[in-house]
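Visitor: A single structure is presented below for examination.
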Amino acid sequence: MSSPLPSFRLNTGAQMPLLGLGTYRLQGKQMHLSVDAALGEGYRAFDTAAVYGNEADLGHALLDLMPKHNLTRADIFLISKLSPADMGSKAREGCARSLERLGLGGYIDLYLIHWPGTEGLEPEDERNAQHRAHSWTVMEELYANGMLRAIGVSNYSPRHLIELLETCRVRPAVLQVEFHPRLTQKKLRVICRDSGVCFQAYSSLGKGALLLEPEVVAMAEGHGRTPSQVLLRWAIQQGVAVLPRSARPKRVRENGQVFDFDLDEGGMERLSDMDSGTRFCKRDPTSVV
């Protein structure tokens with residue numbers, strides 16, 4: 001059995017691995033191969049979502065592969081997300097469907113509201129805020145009964161997050177957003193730091209675009225690493241949890257090998273100075289009321 005990768009202590013007291021496997025668009029055999037490579041490299045966190053349509057694929061892969069790697073459900077940290085179609089009055093059923101599709105016992109380690117808006121509503125519709133509040137109340141109840149071991153949000157703007165922090169009974173454990181050198185999310189990170197919320201990144205590689213950036217390429221060559229490893233290390237070195245996705249087992253293994261080197265202060269600053277507010281995931285959550 002490989003040793004698990006380093007973890008972060010959530011405000012619930014649970015340990016969440018700093019690096020997990022993103023599974024967007026992974027299905028069937030491709031999911032199985034990526035999960036197998038990840039478990040072999042020490043990954044223990046796996047991120048999916050109702051809208052990905054692959055919760056069952058991930059669950060089946062883990063059930064099949066955990067014995068091979070001498071692991072049990074207790075070793076795995078599962079993350080999934082509530083569909084925008086299930087916001088509001090459908091939230092409880094949406095959570096239950098995620099749990100059923102995953103098929104890995106009676107709980108999910110971390111469940112997030114995937115998007116601040118509701119499917120079918122315009123961004124400016126004030127019902128978006130009402131549905132967010134209702135959904136969070138439901139998730140607080142499911143957290144209290146143990147079905148959800150931790151709860152959080154994804155794609156929230158500073159305004160959405162502050163609104164939640166001012167009204168919630170249970171603080172979010174995690175905020176998951178797009179984060180990379182072109183989008184450093186400074187305001188959100190300050191709010192998370194001051195509120196005890198773990199900041200978790202998706203699209204750390206800028207959908208592949210950042211792998212060709214001259215600064216990233218030069219730094220990778222200087223360290224004898226891949227551009228992906230440099231970008232992930234830049235995030236992790238700031239205490240940011242990451243969820244790189246790859247359908248190629250070799251890349252999955254490489255992405256896990258980011259805990260045995262450091263970027264110097266100058267290198268960290270040069271990457272941070274690339275910030276231009278660029279979103280590679282084109283939907284902008286700041287427009288949602």
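The backbone N, Cα and C atoms fix where each Cβ goes, glycine too.
Bear in mind that TrEMBL entries carry predicted annotations, made automatically and left uncurated.
From TrEMBL, here are the annotated features:
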type	residues	note
DOMAIN	19-272	domain 'NADP-dependent oxidoreductase'
ACT_SITE	TYR52	active site, proton donor
SITE	LYS81	site 'Lowers pKa of active site Tyr'
BINDING	HIS114	substrate binding site
Visitor: To the nearest whole angstrom, state the Cα distance for the pair the residue listed as 'substrate binding site' and LYS81 (site 'Lowers pKa of active site Tyr').
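Guide: The residue listed as 'substrate binding site' to LYS81 (site 'Lowers pKa of active site Tyr'), Cα-Cα distance: 5 Å.
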Visitor: Out of TYR52, LYS81, HIS114, which of the recorded positions is least crowded by other Cβ atoms within 10 Å?
Guide: TYR52
Visitor: Distance between TYR52 (active site, proton donor) and LYS81 (site 'Lowers pKa of active site Tyr') at the Cα atoms, whole Å?
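Guide: Cα to Cα, TYR52 (active site, proton donor) and LYS81 (site 'Lowers pKa of active site Tyr') are separated by 9 Å.
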